[in-house]
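A.B. asks: Annotations per Swiss-Prot:
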type	residues	note
BINDING	C25, C28, C49, C52	Zn(2+) binding site
Amino acid sequence: MGRRRVKRRINIPKRQSRLEKRFNCPVCNHENVVQCTVKKTLMKGFANCSVCEASFACDANKLTTGIDVYSAWVDECCKR
């Protein structure tokens, strides 16, 4: 008598959602107009609104992404 064969499940990797690169402006409240960039050579993060020309700059490290720069800008706006 033989053993029953066991079906092996094939591991299908889950797709990771992409991080957003365009955000809402905390100054003029337009949607998808803020673009955040991180200059790793300068160790600075920049956020610029294309409608109201508002801008923000902050210090960055090697792990900083665009969402980190945007959240720092929103935190700075909430403090005022």
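For all residues, glycine too, the Cβ spot is worked out from N, Cα and C.
Remember, predicted model here, so these are calculated numbers, not experimental data.
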A.B. asks: Given the Zn(2+) site residues C25, C28, C49, C52, which other residues of that chain have a Cβ within 8 Å of the mean position of their Cβ atoms, reported in sequence order?
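C.D. replies: Neighbours found: P26, V27, N29, H30, V33, V34, S50, V51, E53, A54.
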A.B. asks: Least buried of the binding-site residues C25, C28, going by other Cβ atoms within 10 Å?
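C.D. replies: Per-residue Cβ counts within 10 Å for the binding-site residues C25, C28 bottom out at C28.
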A.B. asks: Which one is it: of the binding-site residues C49, C52, which Cβ has the fewest other Cβ atoms within 10 Å in this structure?
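C.D. replies: Relative to the other binding-site residues in C49, C52, C52 has the fewest Cβ atoms within 10 Å.
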